[in-house]
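All remarks here apply to the structure that follows.
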Amino acid sequence: MGCTLSAEDKAAVERSKMIDRNLREDGEKAAREVKLLLLGAGESGKSTIVKQMKIIHEAGYSEEECKQYKAVVYSNTIQSIIAIIRAMGRLKIDFGDPSRADDARQLFVLAGAAEEGFMTAELAGVIKRLWKDGGVQACFNRSREYQLNDSAAYYLNDLDRIAQNSYIPTQQDVLRTRVKTTGIVETHFTFKDLHFKMFDVGGQRSERKKWIHCFEGVTAIIFCVALSDYDLVLAEDEEMNRMHESMKLFDSICNNKWFTDTSIILFLNKKDLFEEKIKRSPLTICYPEYPGSNTYEEAAAYIQCQFEDLNKRKDTKEIYTHFTCATDTKNVQFVFDAVTDVIIKNNLKDCGLF
């Protein structure tokens, strides 16, 4: 009797082949799926990185979407000048021109009555006059002593453009907007044949307990640090230096048992602001033991070492560090390209596909 397969056996073999094929396809699909968790203290630039992904890997912001940011631009601009004026009282700084005190009073009245998404010519004029004042500028230069948005000067210097009735925010204006992230914001995009899911998590302390369920199965963590925070205190805790808070958080993430096999990518962000600030504000404010000069290269390298030294598994775990400026699309594009190559190398080899 010949050794032929019955119809039933043939069907079983086909089923087995199909299961193997599906498993292989699922494995390849899983290998192409990348979960990225964006972590870091508040205002370290995480949400700006997410916006850049939309600009770089999707079609960017449509005119309609840009229009929706108009109210945020105006709110950020008004809140910035108000924060400076309030700080003048606290820091006992006088107006360069005494008549600006009337403008300051007017600012509070007009800002309180302002309709969302609109800026009257009267309000724009008041803000412009105040921003030009010598006392206001002196207070702005001491912004490390109070809480002020990074984008304050960007918007206030461009008031003529943004106060026009026909104003539509540009992609750069949108990148500069500041809205506190609450909860978890998820973004999807495809790059180099990989399907990315990026999770932006609220950085303020009150938000951190919401991170936990995002952690499982994460491919890589991008940890953002604002280099320019070295001389600032936290919005939630006036005693805690922001850089020390970042280091504390990085330590807990980097050495967490859940992340033993997770690639950790460190973005030392806001390098542009740091380069400006280090000329006038010494690094010893944050690191009293710092022996070097206050040059960008030396100070930035020292901060990099402070973070990388927190890694307790140096023999088995590498930290991939990049200096970034999250508002610079070309810089983020270049860095993210390098990050993706690391992810491909580290993760596809685990699946035997690299």
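Placement of Cβ uses the backbone N, Cα and C atoms for every residue, glycine included.
If you check Swiss-Prot, you get these features:
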- G2: N-myristoyl glycine (LIPID)
- C3: S-palmitoyl cysteine (LIPID)
- 32-354: domain 'G-alpha' (DOMAIN)
- 35-48: region 'G1 motif' (REGION)
- 43-48, 150-151, 175-178, 200-204, 269-272, A326: GTP binding site (BINDING)
- S47, T181: Mg(2+) binding site (BINDING)
- 173-181: region 'G2 motif' (REGION)
- 196-205: region 'G3 motif' (REGION)
- 265-272: region 'G4 motif' (REGION)
- 324-329: region 'G5 motif' (REGION)
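Under the DSSP three-state reduction, K46 (GTP binding site) is assigned to helix. Comparing local CB density within 10 A for the binding-site residues R176, K270, the maximum falls on K270.
For the region 'G5 motif' (324-329), the list of distant contacts is 45, 48-49, 52, 55-56, 171-172, 175-176, 224, 267-272, 335: same-chain residues at least six beyond its ends, Cβ to Cβ under 8 Å.
Annotation note: K270 (GTP binding site) sits in a coil segment as assigned by DSSP. Packing against the region 'G4 motif' (265-272) from elsewhere in the chain are residues 40, 44-45, 49, 150, 220-229, 250, 296, 300, 303-304, 307-308, 319-328, 335, 339, 342: each is 6 or more residues past its ends and has a CB under 8 Å from a CB in it.
Within 10 Å of S47 (Mg(2+) binding site), judged by CA to CA distance, lie the following binding-site residues from the set D150, D200, K270, A326: D200, A326. DSSP assigns R176 (GTP binding site) to a helix in the three-state reduction.
Comparing E43 (GTP binding site) with T181 (Mg(2+) binding site), their Cα atoms are 9 Å apart once rounded. Across the region 'G2 motif' (173-181), the prediction's mean pLDDT works out to 92. Long-range Cβ contacts of A326 (GTP binding site) within its own chain (separation 6+, distance under 8 Å): G45, T48, I49, Q52, L175, C224, F267, N269, K270, V332. It is T181, among the binding-site residues S47, T181, whose Cβ has the fewest other Cβ atoms within 10 Å in the structure shown. Considering only the binding-site residues E43, D150, D200, the Cβ with the fewest other Cβ atoms within 10 Å is that of D150. Within 10 Å of the C-beta of K46 (GTP binding site) there are 27 other C-beta atoms, taking all protein chains into account. Within 10 Å (C-alpha to C-alpha) of T181 (Mg(2+) binding site) lie the following binding-site residues from K46, D150, D200: K46, D200.
Secondary structure at A326 (GTP binding site), as computed by DSSP, is coil.
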